[in-house]
Structures are given as C-alpha cells and as structure tokens.
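Right, one structure below, let's go through it.
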Ligand SMILES: N[C@H](CCC[C@H](N)C(=O)O)C(=O)O
C-alpha cells in the first residue's frame, strides 16, 4: 500500500489513494488508528484518503484523526491534499475537493505554498463561556461547513508563557465540555500585534496539541473579524509549526469568505509494510 507523508505547518498527515488501493471504507478508521500511532507505526495527526468524486469535484477527501475518528474537514490536510492532487496530475493549479463538510477549493500559489477557501461558517456563537474547575472562561463557538467541524475559540493572556501541562488539562476539559455536543477543537489565542496572533490548538481526535490547525485559525480569525479586533485581511497566525495566514471577508454581521494560506512539505513517499495491519484484518 503506497502512501505519502506530508505536513502543513507541522500538522502532519498520511495520504492513501483509494483510486489505486481500493481499501474497504469500514477499515479506514482502524487503518488510521494503526498507522498514525507514533513510535509503533509511521505516526501522524491524521489520515486522508483520496477517492472518486461524486459531486463534480476533482476528488473526494475522507479525513480521519489519529484516534480513528472521522473529522468533517481538515484545513491543513486540505492544503496538503491539494498539493498531492497537483503533483500527481489528479488536478491542475486549482483544485476542487469534496470533503464531508462540503466543497473546498484550493489554489497552488507556489511550489510549496497552497491556499484554500475554507467551508463557510454555519454556526458562530460569539458570547459563550465554559466553566472548568470553578473558573469561567469566555469563548466563542464556530462550526465550519455542513456538517460543521466544531471549534471553541478561547482568549488566553500570556499564552506563550503558559504552563504546557496546565494548558493541556484545560484544553482537554474544554474539548469534552458538555456545552459542546460534538466535542470541540480548542483554539487558545492571544493577539500579539496588529493582525497578528499566537495560537495553540488542542485537537479533537488527536486529544493533544498539534503544531498547527487550519480550520482552527480560520475559526479564530472569523470571530475576531466579527468582533472588530482584526481587519480580516492577511491576518498572521503564529503556531508551533509555522505561520498560517487567514483572509476573512466580512459582509455586515456575516463572514462571506474564509481563506487559509500556508506552507506544505512532502516529507516522504513510501510503501506501508506495518505488520499490525495484517493482524485480525477480517475483524
Ligand atoms: N481534529 C479535527 C480535524 C482536523 C482539523 C485540523 N487539523 C485542521 O487543520 O483543520 C476534528 O476532528 O475536528
């Protein structure tokens, strides 16, 4: 089974092409869980599977988190798979990807820089709050697409200086909070300059921080644009794995367009030989 390993600003993925591998769909969650396990297998934040389009796009993208759960969309993953499409000849310099959350269009800016139009916000609740261990945290809640990928947007002062373990415990508590029936990716952010943010995202389905989160940065900038705290044009979001840029077009009290631009890296192309996969293959 051939695979590519890519990352977008350090958010890393395995890509399998089911147009060639013809893997049974019901096995994909287990394949994701086995292959995304760091140390025991290849290791990644998620698995993306290319498949035939059914709604006029170039191809379908199925996304699975490293715990095997299905994600409605993945922004950095979509940027990486757009490059996969261009480099393999599946697409041209623009791409139309059918994701669970809806159609995502992409564009090759340069050999390693890709820009996608994120799914439209279908839910934006600006004035939420969650209580964790007796402390109330203001936050916003966003879903991008339909079905929407859920994000909590949480302001956090002195984020760079935050104790990693404490932040992880808080991220985990908010991720599982009863106020979020679908769960939520938890995006802690701090405004560090004009149209410049620092962000750390505790991801649903990874159950830990990732080096970057594309739909997370889009959700944070959508909220801050509506709140008038950023312009929405060329907003730079610094994360552990690099910089992502978000453009959010505001029309009255709506976000009309949300674009994510950032780097990609084709780390390796290989053959999966993981012997764990062959065990209990029939289960
Ligand atoms: N963990 C997310 C999916 C990946 C999102 C993130 N990696 C991105 O770049 O958008 C979820 O299950 O909701």
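Easy rule for this one: first residue shown is 1, then count along the chain.
Cβ coordinates come from backbone N, Cα and C, glycine included.
All TrEMBL annotations are machine predictions without curation.
According to TrEMBL:
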type	residues	note
ACT_SITE	74	active site, proton donor
ACT_SITE	74	active site
ACT_SITE	213	active site, proton acceptor
BINDING	11, 65, 75, 76, 185, 203, 204, 214, 215	substrate binding site
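Mapped onto three states, the DSSP output places residue 185 (substrate binding site) in strand. Binding residues for substrate (11, 65, 75, 76, 185, 203, 204, 214, 215) extend across at most 15 Å, taking the greatest CA-CA distance. Long-range Cβ neighbours of residue 215 (substrate binding site) (same chain, at least 6 residues apart, Cβ-Cβ under 8 Å): 73, 74, 75, 118, 144, 149, 151, 185, 260. Residue 11 (substrate binding site) counts 31 other C-beta atoms within 10 Å of its own C-beta, drawing on all protein chains shown. Annotated substrate site 11, 65, 75, 76, 185, 203, 204, 214, 215; additional same-chain residues within 8 Å of its Cβ mean position, judged by their own Cβ, are 45, 46, 71, 74, 77, 149, 201, 206, 210, 213, 216. The Cβ neighbour count for residue 75 (substrate binding site), using a 10 Å radius and every protein chain shown, is 29. Note: the Cα of the residue listed as 'active site, proton acceptor' and the Cα of residue 11 (substrate binding site) are spaced 7 Å from each other.
Less than 8 angstroms from the CB of residue 204 (substrate binding site) sit 65, 69, 71, 150, 175, 183, 184, 185, each of them six or more residues away in the same chain.
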